[in-house]
Every structure is written in structure tokens, then in C-alpha cells.
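As C-alpha cells, the structure follows; a few thoughts come after it.
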Amino acid sequence: MKIIGIDPGYGILGYGVLEKSGNKISHITHGVITTDKELSMYKRLQVIYEEFLRLLKEYSPDACAIESLFFYKNVKTAIRVGEARGVILLATSQMDLPLYEFTPYQVKNNITGYGHSDKKQVQKMVKMLLNLDKIPRPDDAADALAVAWCLAVETRF
């Protein structure tokens, strides 16, 4: 089973693809979708949508895991990230993929055993759990791998 994990954003959206076979979870790829600040928000959403569809077609995941919005101090940022999430949800639905959401607390708790871990702890554990040579960069890609890991270890899979 292939899982694509998403750390939503509109400037930088992280993704990570894992494969689960029995009890083994393997890293396939990770990266980010970036959008140019000079583009209108509509065009930025279009870039996210088209690039995400390309990833879905290239890696053919069986499921998608996405981090849910939890809390943002900046309302404008929360709205923009919510719009980017909406584009991901639409593309996932169009490809008829099951979608699973995890809160930041669930992701941290699942990866480190402590729901209030900081980013560096999560990144180090992602590196260790996936047997990677180095911590995935940028941070958004490491976060997306952590989200995918959460789904991979769920009992329903």
C-alpha cells in the first residue's frame, strides 16, 4: 500500500510518499510544491492543484493523509492554508482516494510518543524511523512524511 502524506501550505506544501508492505514501511520520495509569491492566490492554488495531481498520477498512492488545521494566530494565514487544503481535498476526491486527517498533536504523539514534541524531535524521529541518511528538508517535507507514517501505522491498514 502506498500512502501520500501532506503538510498543507500555500507558499510551501510538503509531501511524502511511503510504502507499507506487511509490517515494513519504506520511504519512496518526499519534497515540496512551492508557489511564487508574485502570483495571485487563484494561480497559486492552481499550481498546487496541478502539481498535486501530477504527484498522484506519478506515484499512484492508495490513500492520502493530511495534517488538519489546528490553530493559527494569523487569521489570513489560516484562511490561505485552508484554501490550499481544499484544493488537496478536491484532487484527492477526484482521484477517488480515501483521505485521513491527523491533528498536529496526533502526528507528534505517533512519531515521538509525546504530543507536544518540537519540530526538531519529530524530524529526528522521521529520519530514524525511515532509515534515512539525513533529516528530510525542507521541514514541510519531513512533516508530510510524519503524517504519512501516522496512517501507515494505523491498525486499519
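Numbers run from 1 along the shown chain.
Glycine is treated like the rest: Cβ placed from N, Cα and C.
Per Swiss-Prot, the features are as follows:
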BINDING   ASP7, ASP140  Mg(2+) 1 binding site
ACT_SITE  ASP7  active site
BINDING   GLU67  Mg(2+) 2 binding site
ACT_SITE  GLU67  active site
ACT_SITE  ASP140  active site
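Here the features listed in Swiss-Prot are placed on the structure.
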residue: ASP7; record: Mg(2+) 1 binding site; DSSP class: strand
residue: GLU67; record: Mg(2+) 2 binding site; DSSP class: strand
residue: ASP140; record: Mg(2+) 1 binding site; DSSP class: helix
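Looking at ASP140 (Mg(2+) 1 binding site) and GLU67 (Mg(2+) 2 binding site), their Cα atoms lie 11 Å from each other. GLU67 (Mg(2+) 2 binding site) sits 6 Å from ASP7 (Mg(2+) 1 binding site), taking the Cα positions as reference. Listed in sequence order, the residues of the same chain lying 6 or more apart from ASP7 (Mg(2+) 1 binding site) and placing their CB within less than 8 Å of its CB are LEU13, GLY14, TYR15, GLU67, ASP140, ALA141, ASP143, ALA144, VAL147. Around ASP140 (Mg(2+) 1 binding site), taking its Cβ as the centre, 24 other Cβ atoms fall within 10 Å, counting all chains.
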